[in-house]
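Quick look at what TrEMBL lists:
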DOMAIN    B:11-76  domain 'MrpA C-terminal/MbhD'
DOMAIN    B:121-176  domain 'MrpA C-terminal/MbhE'
TRANSMEM  B:7-23  transmembrane segment
TRANSMEM  B:29-47  transmembrane segment
TRANSMEM  B:54-72  transmembrane segment
TRANSMEM  B:92-113  transmembrane segment
Amino acid sequence: MIDVGESTLLLAGAVGTVLVSVLLLGRAMIGPTMQDRVIALNVIGSNAVIVIALLAAAFAEPAFLDIALVYALLNFLMSVAISKFTVERGGVL
Amino acid sequence: MITPIEAGLLVFIVATAVMTALLRDVLAAIIVFGGYSLGMAILWIVLQAPDVGLTEAAVGAGVMTVLFLATIARTTRLTGLEATTVDVNLPAAALCVVFVLAVLTTVPALPAVGAGPGENPAFGEISEYYVEEAYDDTHVENVVTAVLVAYRGFDTFGEATVVFAAGVGVLAVLRRGVFE
């Protein structure tokens, strides 16, 4: 069982990663190109996977890791779909 | 009351929601909306609802992004815009702020979740019956799943029919090809 200090540390790491995601929104806002925004969203998605993994450890709930796996796959799907759309107009998947 | 991670996620979600409304380029709005879904799903997990988080991730981030992209591929998208954000209608924005303040003052006045039956009419003996008897009645371990697929089985069946019809409609529209 994880003691209180360790789970607090994991939660603090999750909070820091969320704050980094908030900063990344600035890049998604100003762009200037669509590629910048896609990469910003990709990094936000990777941060989401990290946050969920940290939360799974902090709450001692290994079932949350399944959601992190689904996220990693969806993140890749989203980036590929948007990138493909920007390169060849109308081609989604 | 509100933990730091919830506060950070709420800042992230509100920022993405406002950006989705304000960004002028629809493709940029779709990208930011994907970020909104990701933040929302993490919030569901923080609130100990992993099944809802999983659905939010699959539907909000996955299916909605692809459907939006398919939509703007078949309609028009303005490119080469000079302004990044749309002009804000100030009276409408002020009205929204007033509405948010009204909600923020009324919602905390509601009885807390888990309050006694006398204080909270929505948390009475009916929900206690489900929590206590769901396993004996249906032999499903998760109470939420038991309510969805056993007690409200026909309701869920109707929902599945609606979702199936919507999916068939979307596929029928997408198969017609791009109008030149």
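Every residue, even glycine, has its Cβ placed from backbone N, Cα and C.
Just so you know, TrEMBL annotations are computer predictions that nobody has curated.
Within the model, the domain 'MrpA C-terminal/MbhD' (B:11-76) carries an average pLDDT of 84. Here the domain 'MrpA C-terminal/MbhD' (B:11-76) is broken down by DSSP into helix, strand and coil counts: 58 helix, 1 strand, 7 coil.
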